[in-house]
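Student: Okay, these came from TrEMBL:
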DOMAIN    566-656  domain 'CAAX prenyl protease 2/Lysostaphin resistance protein A-like'
TRANSMEM  21-42  transmembrane segment
TRANSMEM  214-236  transmembrane segment
TRANSMEM  312-338  transmembrane segment
TRANSMEM  350-367  transmembrane segment
TRANSMEM  399-419  transmembrane segment
TRANSMEM  456-475  transmembrane segment
TRANSMEM  481-503  transmembrane segment
TRANSMEM  515-535  transmembrane segment
TRANSMEM  555-579  transmembrane segment
TRANSMEM  600-617  transmembrane segment
TRANSMEM  647-669  transmembrane segment
TRANSMEM  675-696  transmembrane segment
């Protein structure tokens, strides 16, 4: 690539974007106008809500004792709660309406109707014997009726409850004075809650905590929004305007075109996010104190919304660069698929549906930055930014490079995907498509290839996923052992087998049902045994990061107790899953992914899908082990051009997990609880695994003359089908 060409394309695209009124409005005008308008609107609505008169109906007010007073007479002869029962001596706008007991106010149905139609926000029912009960040191019951679903009723209830609590304190104080007892008599221990961050760092610490939760969410949303619309305009918009062809016939390479467009989208994404955050921060800095002083009162959290420190703001800018790059590359690759601006808008929803759970995960209690979350896209950036805004630099320092590098790697992968999209003419110049279900089904059956397409492989996984999820409820009513077997045979084995028979001309080739000889099978069995000590070392690391909930442990123990003998355990946990899962993932799905991607990408994708299924049907903790083993199994299936070595490896690996407790001997394990092998065995396993992998690789190279679909590029698959079904 030549940077001079990239710079030329970048300048061209950037000028086009700056000439577009929609882009100017979205990036520059909207952030400047939006947040002041929203802030003023929120301020006005908050003041209006707090100044709204709230009706409190008191049934049996005449039963209340005179001292200490709960209700007093205010200006105009209206009743009010005693002003001394409020903080600061001021009373909020409460309208007290005393009503006699009996009638409609004793009927819960009538009370509910009154609350719903606005006749009252809260109804306080005073018992008739309240004076005597207080005198006799009994506890009368005040019933406070309200609607939790109504915000005004709920807010009024909280005020009334607080007032009555202070009134009770006044009664207790009078009793102590009458009995000549100190206040410590009823409150022997005083609890003082100390917010050390507020005490040491000042009142701004609470405001920083608010920003730490708010800024990461806004940064992700603004970076995504700022990247999507320019990407759609630069790709689908150019198709509509007819300028895409002119750009493609220029001397610039496709990669140079993509990088130029990518830099333009990235600049728009980063600019949009920064301007939105700056406008929102200035708006809150101006309106926060006004809201606190006017509506919420001084000393409220709104008064503490000081902006983050300059260091935190600098970190926001630093982390925004790779985040914008990641979103820009993804949006650019998706935007190429769109034939028009209208179609491009449809891709916004899937992006949000994927991004929102990753950002909402950071708002959940107990989710903190750790080695795993630091590698999760979007989540790692958000958690790191949260730490930095809270000025927890010591905790954040070890994760800075993992978060930054992983985000850059994901962005480069997405950028390479975008370059691949631009190099595919069928993607760049797709024609309008009319979908007819009958014609589509006839086409699938009539024009079958020897192996499935990438879309059919993904569809197979989606069917497996849906069947496993939606029918798991039915299996909970059956015997757990029967459910375990049916789940594998029906939900995992049947879909790929049926799709291979119906949608491909060579089910044998698709499922890799080729006998490779005994040597690869024995090597695969040995490799599973030598890798087992290495994968066992991963187990305590995963359980430390993600502990298994006690309820799940109890369910697993109950399942183990239900298995009658060791042979049944090997059959259910080793034999059946090995056959069913390998047919699905290293058979049909891997064969389909090969037609759409390179071998390396196909192996990685099939391993990820394999691990994700284990998360759904088993435990989240199995994701990492399943992903690593999925890489080995996929590589083995491609190298040996057969499914049987993968089945042997899978069966041996699961069988060792089942037989581990029975092999618990001192010379084998250094930790017989976690089944961790002794270090010499681990070292031997590592060396032996490398040797076995080398031998398997050599066997795969010596069989290169075997005409298997896995050896053919996607554009030659149709020619390979001329040999007819096998």
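A Cβ is built for glycine as well, from the same backbone N, Cα and C atoms used for every other residue.
Just so you know, TrEMBL annotations are computer predictions that nobody has curated.
Keep in mind the model is a prediction, meaning the values are calculated, not measured.
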Student: Which sequence positions outside the transmembrane segment (555-579), separated from its termini by at least 6 residues, show Cβ-Cβ distances below 8 Å to it?
Tutor: 479-481, 484-485, 488-489, 493, 647-648, 650-652, 654-655, 657-659, 662
Student: Take a look at 350-367, 399-419, 675-696 and tell me which one has the most Cβ pairs under 8 Å to the transmembrane segment (647-669).
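Tutor: Ranking 350-367, 399-419, 675-696 by Cβ pairs under 8 Å to the transmembrane segment (647-669) puts 675-696 first.
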Student: Thinking of Cβ pairs under 8 Å, which stretch from 350-367, 399-419, 481-503, 515-535, 600-617 has the most of them with the transmembrane segment (675-696)?
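Tutor: The listed stretch sharing the most Cβ pairs with the transmembrane segment (675-696) is 515-535.
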Student: Give residue numbers and ranges for long-range contacts of the transmembrane segment (600-617): same chain, 6 or more residues beyond its ends, CB-CB under 8 A.
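Tutor: Distal contacts: 461, 464-465, 468-469, 472, 487, 492, 581, 585-586, 589-590, 593-594, 623-624, 626-631, 633-635, 638.
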Student: Where among 312-338, 399-419, 515-535 do we find the most Cβ pairs under 8 Å to the transmembrane segment (350-367)?
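Tutor: Most Cβ pairs under 8 Å with the transmembrane segment (350-367) come from 312-338.
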Student: Other than its close neighbours in sequence, what residues sit by the transmembrane segment (515-535), given a CB gap under 8 Å and a spacing of at least six beyond its ends?
Tutor: 625, 628-629, 632, 636, 640-642, 644-646, 648-650, 652-653, 656, 677, 681-682, 684-686, 688-689, 692-693, 695-696, 699, 703
